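Per Swiss-Prot, these features apply:
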BINDING   C:Arg48, C:Arg54  NADP(+) binding site
BINDING   C:Arg125, C:Ser126, C:Ser127, C:Asn238, C:Ala239, C:Gly278, C:Lys293, C:Pro294, C:Thr295, C:Ser296, C:Ser297, C:Arg319  FMN binding site
Number of protein chains: 4
Amino acid sequence: MAGSSIGQLFKVTTFGESHGAAIGCIVDGIPPNLEICEADLQHDLDRRRPGQSRYTTMRQEKDQVKILSGVFEGKTTGSSIGLMIENTDQRSKDYSEIKDLFRPGHADYTYHQKFGHRDYRGGGRSSARETAMRVAAGAIAKKYLNEQFGIVIRGYLSQLGDIKADSIDLDEVENNPFFFPDLSKITQLEDYMKALIKEGNSVGAKVTVVASSVPVGLGEPVFDRLDAELAHSLMSINAVKGVEIGDGFAAVSQKGTEHRDEMTPGGFLSNHAGGILGGISTGQDIIAHIALKPTSSLTIPGRTITTNGEATTMITKGRHDPCVGIRAVPIAEAQMAITLLDHLLRHRAQNLHVTTNTPFIK
Amino acid sequence: MAGSSIGQLFKVTTFGESHGAAIGCIVDGIPPNLEICEADLQHDLDRRRPGQSRYTTMRQEKDQVKILSGVFEGKTTGSSIGLMIENTDQRSKDYSEIKDLFRPGHADYTYHQKFGHRDYRGGGRSSARETAMRVAAGAIAKKYLNEQFGIVIRGYLSQLGDIKADSIDLDEVENNPFFFPDLSKITQLEDYMKALIKEGNSVGAKVTVVASSVPVGLGEPVFDRLDAELAHSLMSINAVKGVEIGDGFAAVSQKGTEHRDEMTPGGFLSNHAGGILGGISTGQDIIAHIALKPTSSLTIPGRTITTNGEATTMITKGRHDPCVGIRAVPIAEAQMAITLLDHLLRHRAQNLHVTTNTPFIK
Amino acid sequence: MAGSSIGQLFKVTTFGESHGAAIGCIVDGIPPNLEICEADLQHDLDRRRPGQSRYTTMRQEKDQVKILSGVFEGKTTGSSIGLMIENTDQRSKDYSEIKDLFRPGHADYTYHQKFGHRDYRGGGRSSARETAMRVAAGAIAKKYLNEQFGIVIRGYLSQLGDIKADSIDLDEVENNPFFFPDLSKITQLEDYMKALIKEGNSVGAKVTVVASSVPVGLGEPVFDRLDAELAHSLMSINAVKGVEIGDGFAAVSQKGTEHRDEMTPGGFLSNHAGGILGGISTGQDIIAHIALKPTSSLTIPGRTITTNGEATTMITKGRHDPCVGIRAVPIAEAQMAITLLDHLLRHRAQNLHVTTNTPFIK
Amino acid sequence: MAGSSIGQLFKVTTFGESHGAAIGCIVDGIPPNLEICEADLQHDLDRRRPGQSRYTTMRQEKDQVKILSGVFEGKTTGSSIGLMIENTDQRSKDYSEIKDLFRPGHADYTYHQKFGHRDYRGGGRSSARETAMRVAAGAIAKKYLNEQFGIVIRGYLSQLGDIKADSIDLDEVENNPFFFPDLSKITQLEDYMKALIKEGNSVGAKVTVVASSVPVGLGEPVFDRLDAELAHSLMSINAVKGVEIGDGFAAVSQKGTEHRDEMTPGGFLSNHAGGILGGISTGQDIIAHIALKPTSSLTIPGRTITTNGEATTMITKGRHDPCVGIRAVPIAEAQMAITLLDHLLRHRAQNLHVTTNTPFIK
């Protein structure tokens with residue numbers, strides 16, 4: 001109930017199901033006079049778009065976004081922006097077999113139990129198709145953050161199965177279909193994915209998002225901490241099972257002398273905190289990691305029950321991502337942008353100046 | 001700004017600094033006719049209270065809570081409940097040395113940069129002292145959840161440094177000063193902690209919280225998912241750097257066949273999901289893990305800067321927890337209770353019935 | 001900023017400008033399993049639609065609403081409903097003359113000063129065109145309220161200029177183009193309006209909305225009172241300058257013995273309170289009145305300034321309602337429905353039963 | 001449920017019953033570095049305080065407010081401010097007779113029906129005693145508005161029964177026990193009130209609040225209009241039955257040529273709009289009027305029913321205001337201040353500059 005919005009001052013509200021007429025969102029709270037056009041949104045939508053490589057779902061969606069309001073003579077008016085993408089490749093028949101059973105690992109069972117009926121076509125509202133609107137809204141936030149404050153948000157796939165990036169070269173991320181920052185492992189990834197697809201299985205992944213040039217001071221004490229709201233924002237992405245800020249779970253085994261980020265007049269000497277102390281940004285890079293589970297849409301049979309409670313087995317036909325983590329990279333960037341902009345507006349409301357980390361001390 | 005509230009229908013708003021006159025909160029949205037008294041809140045407050053063992057801070061606070069409103073003739077009225085704890089052991093002089101410098105790893109620097117001045121006494125608003133009110137509010141939520149739905153929420157320390165619980169015996173948790181569920185490792189923990197205190201260092205920890213007998217169907221689609229709001233709630237606890245639901249980051253290396261929880265007429269065959277699918281509770285145990293960083297309050301000198309930007313070194317005198325993760329156990333339980341109750345109320349608003357997992361299919 | 005939403009549990013968020021591509025809204029929080037289709041929304045949209053009589057604007061809009069999501073197999077799914085109406089009769093050239101001046105009595109000046117630029121075409125976001133979406137969303141709320149609780153919401157024009165309804169016959173309201181409940185005055189209204197249109201002037205109006213069969217107990221103590229939120233909801237309608245509950249401003253001259261609604265075992269003896277005591281519904285009819293100002297779109301010249309601050313005079317060409325109060329009737333009903341449903345859901349969240357006023361005492 | 005908060009960025013949450021241990025509130029969102037002390041709050045509390053003249057309730061409350069947090073070294077820290085007033089003159093026995101019946105015109109019946117039980121002592125949560133906290137919170141908002149922007153908020157009693165202020169001299173308002181701006185009618189008011197008290201009856205009143213030096217541009221389009229949120233804020237005051245902005249209900253009989261506020265390079269030529277156009281402040285005085293009903297606490301017997309549904313009659317003993325409108329003046333000022341500050345913060349979040357009305361055009 002009323003769960004389709006995120007943000008307080010920069011607020012995004014979405015609608016739409018996987019196989020409905022259209023998906024869309026309302027972006028409310030963007031300040032006026034930002035130059036924006038559909039092409040500004042399309043770039044990230046294309047990065048998220050299915051059918052881009054053999055390693056993601058073959059579903060073909062053009063994901064052509066329309067701006068329906070809130071932009072006049074090329075600039076935001078300060079009023080709500082209506083965005084819409086029509087669903088063009090719906091193929092409802094692909095899904096008719098799953099109408100009367102619950103796919104294990106999917107939201108079929110919980111939606112059915114909660115709401116009494118469900119849109120079974122491709123997962124309906126629980127489908128990751130809805131995240132296209134987050135990417136569109138995030139592109140607006142990204143543009144504002146970058147133009148007004150020089151903030152840059154970049155994500156990458158840091159791990160797929162057991163294959164970890166050993167070196168991080170952000171310039172490589174857009175040059176391969178995995179958003180992977182370690183060129184030396186692309187062949188290994190390709191081989192792994194081909195075998196996985198052949199097997200009909202899927203695999204988990206870890207995605208990292210880094211925001212740089214973030215001003216000091218974003219985030220509010222106690223409950224509206226920047227890290228807490230980032231955790232909310234990132235965990236709301238489909239398939240995410242874990243969120244870390246900075247060293248995250250590695251901190252469990254660390255000692256205080258190892259973790260604390262010492263300071264000198266030249267700046268912090270390390271960034272174990274991931275750019276957030278006491279819930280407030282330090283001016284260093286904000287670093288977040290998320291864990292994405294392997295999708296449950298497999299061609300290997302799984303045990304489940306029908307809506308009448310009888311035992312059965314099922315396989316997933318349709319077209320699915322063998323690793324949903326790959327296309328999550330632009331989504332995670334979008335969620336980071338939405339939450340950062342929301343906090344920037346809250347910070348500015350207090351009449352506090354917005355400073356980057358140079359000079360170190362105000 | 002306005003960051004001191006959590007929850008939509010069950011809403012907790014806190015105030016208070018570590019060394020101010022009092023800390024308190026307003027609990028708004030608890031349904032009427034719940035029997036509640038101060039003793040009901042005191043139990044969990046005593047579990048969190050400092051000075052309980054040699055392994056936590058020696059600060060002595062009685063943490064005696066007063067109910068100021070919202071309860072009449074022993075029952076909640078449906079109006080807001082005012083709670084207050086007076087600070088009795090303030091010892092402000094302990095903290096006078098840190099007035100003009102930023103303790104590394106603490107919120108001193110970020111609060112100073114954000115707000116222009118700060119209450120330097122014991123961390124002021126950024127101190128974990130504020131979490132006492134969460135525990136008090138959480139105790140009300142716990143009682144309602146238990147009496148109305150039979151829900152039980154239990155937390156434990158699952159790891160401290162490199163010492164992990166190998167077996168989980170929840171009955172042992174309250175029998176040792178670590179909230180540790182593996183009796184066989186208590187001596188190891190004691191030895192480790194004694195050495196750590198002697199060294200003047202600190203260590204990280206992992207805390208696990210489990211909610212059982214949770215009805216199917218809690219959580220809302222898209223942004224207000226139960227897992228997303230749990231992530232917000234748990235990440236808002238001081239020192240938390242990571243949150244996992246179910247298998248969490250282990251899912252990165254898993255295959256779909258391994259992770260998906262298959263179903264039979266008798267129920268789910270596993271719980272890798274941690275009791276949440278598509279953001280909605282499955283009726284299984286809800287399992288969350290959090291990573292707590294080692295406190296930065298050490299007697300081993302660290303490099304830092306003064307508020308004028310000059311290099312210096314500092315050690316922390318005062319009284320501090322060598323492992324803040326230990327006392328985080330009742331806090332994590334409280335946050336889980338607050339978020340679950342909030343979602344239960346939202347679920348009920350839709351006129352959806354509230355069912356536990358038997359029978360499996362409605 | 002982020003001002004386009006109303007409601008907490010039943011939440012409506014709108015977008016769209018008078019002469020943009022489309023207007024739309026997202027209705028979030030409607031419980032699942034309500035049967036709804038586009039025709040259910042169209043009835044009230046047609047009542048609000050321009051061009052229905054010679055006494056309202058001649059602008060021709062079909063106001064054909066599309067349901068884009070949230071309804072599956074004819075029933076609400078519990079997820080957000082996307083609604084859209086394409087603007088078909090935009091005639092932007094009508095408005096080109098007012099680009100560089102501020103129409104007196106309109107929002108041109110305030111939007112320009114606030115946002116730095118404005119969509120000058122027909123008032124852009126400040127146009128009452130946006131209220132079509134409120135009517136569409138309100139129709140969903142009305143249907144739920146009626147089917148689940150038997151609540152009926154009816155509005156009428158109670159006064160136009162100095163012409164007041166002496167008798168209230170609700171059955172007459174839909175039989176004349178004024179939504180007027182006093183048949184004996186229709187000719188007087190027609191004559192008045194013809195003269196007004198000829199004069200190029202406009203006039204104010206009073207609209208009354210009555211909700212009957214409302215359960216006892218809706219509304220929350222202190223700030224979220226039902227009357228306070230109704231005041232917000234109704235005052236948010238374009239051109240509204242006053243809101244009354246029950247006797248409203250007449251209470252200023254009343255004595256306590258006159259105003260208090262005495263009670264007997266058979267029920268209340270009067271309803272000066274308008275169905276709300278202490279912010280909570282009594283089970284009697286909820287009665288609200290609103291004052292609508294005369295529109296400032298006149299063909300009689302008015303003094304104003306250009307955006308460069310120079311003196312000028314202007315007249316309004318285009319097509320305008322000589323009395324905006326007339327078409328406000330379905331809008332006021334919609335706002336009443338939205339706010340009542342929001343409160344019903346909040347009430348139900350507390351597990352409080354929902355009773356109508358028979359029997360009087362539970 | 002969760003109805004005890006008002007405001008988005010400047011948020012006030014209250015607790016407390018008429019005859020409980022204490023009343024209090026949390027003020028969240030006040031920017032840092034505002035100099036504030038208890039004396040700053042006490043002035044308005046004393047204006048609202050009962051027992052100030054023979055024309056208001058004789059209940060004796062010192063209403064001594066304590067600041068428990070959020071202020072350090074005399075300045076706000078940016079964190080939440082805890083405020084508390086202990087109830088000293090409770091006299092619970094005065095109210096024991098009304099335990100088993102519903103006072104007509106009070107919230108007894110609605111609270112009982114909604115919540116199943118109620119704090120019958122002096123109205124419990126529904127008592128206007130709670131408004132003391134609004135006045136305390138409003139005093140903080142007033143100080144910030146005045147120091148940062150020069151905004152001045154002043155209220156007065158514009159009508160009591162049929163006695164209207166013919167002339168408005170704001171300098172007289174604090175010189176008489178009625179907050180009345182027309183010195184020539186004080187004797188008439190005194191005579192009227194003495195007769196009313198003797199009769200055991202009560203009377204309604206109208207209160208006017210004016211905010212001057214308000215910047216242009218406060219308020220957000222569509223639902224979060226400044227006038228809509230003022231209506232919410234003012235209607236939330238106990239006993240209020242109507243709210244007007246500017247000409248209010250007088251606009252019903254006005255023509256467009258009469259109502260529209262024409263503009264010249266020197267400024268607006270009138271202020272029928274009450275300083276708000278399209279929901280956004282014009283830079284002129286913001287003018288609001290509220291209607292307060294006569295209290296139902298009378299010594300003239302009234303018919304009612306017992307909680308068992310039996311007919312009875314009752315009179316109110318205790319100590320009551322014969323005209324609750326008088327003491328509502330500082331409360332209305334407080335609500336105006338709270339809502340204006342909330343909107344100022346939202347406006348500033350958009351990075352829009354804050355300008356007063358000189359020069360007229362930016």
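Backbone N, Cα and C define each Cβ position, glycine as well.
Mapped onto this structure are the features recorded in Swiss-Prot.
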residue	record	contacts (Cβ under 8 Å, 6+ apart)
C:Arg48	NADP(+) binding site	C:Asp63, C:Thr131, C:Ala132, C:Val135, C:Arg327, C:Pro330, C:Ile331
C:Arg54	NADP(+) binding site	C:Pro177, C:Ile197
C:Arg125	FMN binding site	C:Gly16, C:Glu17, C:Ser18, C:Tyr111, C:Asp119
C:Ser127	FMN binding site	C:Glu17, C:Ser18, C:Asn238
C:Ala239	FMN binding site	C:Ala128, C:Leu292, C:Lys293, C:Thr295, C:Val324, C:Gly325, C:Ala328
Around C:Ser297 (FMN binding site), how many other C-beta atoms are within 10 angstroms of its C-beta?
23
If you count Cβ atoms within 10 Å of the Cβ of C:Thr295 (FMN binding site), leaving out that atom itself, what do you get?
26
Given the binding-site residues C:Arg48, C:Arg54, C:Arg125, C:Ser127, C:Ala239, C:Lys293, which pass a C-beta cutoff of under 8 Å against chain A? Sequence order please.
C:Arg125
I'd like to know which binding-site residues lie near chain D: of C:Arg54, C:Ser127, C:Lys293, which have a CB under 8 A from one of its CB atoms?
C:Lys293
Counting every protein chain present, what is the number of Cβ atoms, excluding its own, within 10 Å of the Cβ of C:Lys293 (FMN binding site)?
30
Could you say whether, by DSSP, C:Arg125 (FMN binding site) belongs to a helix, a strand or a coil region?
helix
